[in-house]
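J.: Dumping the structure here so I can ask a few things about it.
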Amino acid sequence: MTRITSVSLRRVLDSRGNPTVEADVLTESGGFGRAAAPSGASTGEYEAIELPPTEAIAAARRHAVPRLVNEVHAGNQREVDAALRAADGSENFSEIGANSAVAISMAAAKAGADVLGAPLYQHLGGAFRGDNFPTPLGNVIGGGEHAKEATNIQEFLAAPVGAPSVSEAVFANAKVHARASEILDERDVPAAKGDEGAWAPAVSDADAFEIMAEAVSDIEDELGFEIRFGLDIAASEMFEDGVYHYGDETKTTDEQIDYVAEMVDEYDLVYVEDPLDENDYEGFAELTERVGDRTLICGDDLFVTNVDRLSDGIDVGAANSILIKPNQIGTLTDAFDAVELASRNGMDAVISHRSGETEDTTIAHLAVATDAPFIKTGTVQGERTAKLNELIRIADDAV
Ligand SMILES: C=C(OP(=O)(O)O)C(=O)O
Ligand SMILES: [Mg+2]
């Protein structure tokens, strides 16, 4: 019933105005799935390869489509993804592009769910998923590679951990975002927005911590449940010549570890992503040893959703959490394998968008399917609210 009968690929716009790959998958019983690849700006060195969309589409039409159409079943995700890997033949999807691969992989999952008449999260996660929801990590203030002349730290993320429902959590983050804007106004600081819709003011990181703490505490008082915050430092982007660059200042690795540990305690941070360079497993391990009992130390560029890199990290205790971005690795199968390896080793898997996104909502379903404690998918702006609103719909049994 779910045998794939057609795969079409096209270029569509992403949220930065760049082209990206969209895939449509049809099955013999009329099941349909459509998905589009996101795209990073602060990409990890070890991510699967994103090809220019025109090249990725041409290569996928030549190599992957013939191995999919009439050959595999959309309902059998491992079969679909194995065909994509076989069609590509490289370790990192350098032939057909991880952008083509992930769009097809996700579109096939949706087509499989369509045939079964099940919501995507249930097709991916099983009959007993759908009662637990991730806490959305909402990007409120940011800079780094996502906005020029703003903070060095890439993302300051609201985390409404005490919200009674996912809907209240989503609205809480929007309120924190609005409150941060008022505080910036009160300080006479103009702020444009970065790629993900976070405020991108020209303030120091120290000021951003203060603004974030004030915004979170005001909204916590207003709503009456616990809201904390976290960071994506995206430290690989700051690391050059053996030191971390904060504007004109630098920090050695030891200073960076001390700084992050101090911020964890001063601001009771619930989450810290990529506090150190993507090659520094030891630094990650040292920081995790110091503060991992009270916060999540999450590897994004460190692990790139890759089970081999995650295994190396597990061996040395490099983090207690992994960020999962399907396009970093190329298929849903690979992303699920990373989630499973993490959870078998007591680590939390956090599902994430990219800075370049589309209206695609797959990651909302992925987060529910994997019982993720957190999802990082922005706060406002259509391509972000697409996922947040989908979480609300899933909770409302309206998908
Ligand atoms: C979402 C992120 O940004 P990008 O997509 O640019 O890697 C991130 O670093 O976690
Ligand atoms: Mg990151």
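Numbers run from 1 along the shown chain.
From the backbone N, Cα and C atoms, a Cβ is placed for every residue, glycine too.
Keep in mind that this is a model prediction, so the values were computed, not measured.
Dumping what TrEMBL says about this protein:
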DOMAIN    4-124  domain 'Enolase N-terminal'
DOMAIN    130-398  domain 'Enolase C-terminal TIM barrel'
BINDING   HIS146, GLU155, GLU273, ASP300, SER352, HIS353, ARG354, SER355, LYS376  substrate binding site
BINDING   GLN154, LYS325, ARG354, SER355, LYS376  (2R)-2-phosphoglycerate binding site
ACT_SITE  GLU196  active site, proton donor
BINDING   ASP232, GLU273, ASP300  Mg(2+) binding site
ACT_SITE  LYS325  active site, proton acceptor
J.: Can you tell which of GLN154, SER352 has the most other C-beta atoms within 10 Å, given these are the binding-site residues?
T.: GLN154
J.: Among HIS146, GLU155, GLU273, ASP300, SER352, HIS353, ARG354, SER355, LYS376, which the record lists as binding substrate, how far apart in Å are the two most distant Cα atoms?
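T.: About 16 Å separates the two most distant Cα atoms.
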J.: Starting from the Cα of GLN154 ((2R)-2-phosphoglycerate binding site), work out which of the binding-site residues (ASP232, SER352, LYS376) are within 10 Å.
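T.: So the list is ASP232.
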J.: Round to the nearest Å and give the CA-to-CA distance linking SER355 ((2R)-2-phosphoglycerate binding site) with GLU196 (active site, proton donor).
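T.: Between the alpha carbons of SER355 ((2R)-2-phosphoglycerate binding site) and GLU196 (active site, proton donor) there are 6 Å.
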J.: Please give me the recorded positions out of GLU196, ASP232, ASP300, LYS325 that lie within 10 Å of GLU273 (substrate binding site), comparing Cα atoms only.
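T.: So far as Cα distances go, the recorded positions lying within 10 Å of GLU273 (substrate binding site) are ASP232, ASP300.
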J.: Determine the most Cβ-crowded residue among the binding-site residues HIS146, ARG354, LYS376, using a 10 Å radius around each Cβ and all protein chains in the structure.
T.: LYS376
J.: Calculate the distance in Å between the alpha carbons (Cα) of LYS376 (substrate binding site) and ASP232 (Mg(2+) binding site), and round it to a whole number.
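T.: For LYS376 (substrate binding site) versus ASP232 (Mg(2+) binding site), the Cα atoms are 10 Å apart.
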J.: Can you give me the same-chain residues 6 or more apart in sequence from ASP300 (Mg(2+) binding site) with a CB-CB distance under 8 Å?
T.: GLY44, ASP232, ALA234, GLU273, ASP274, LEU323, LYS325, SER352
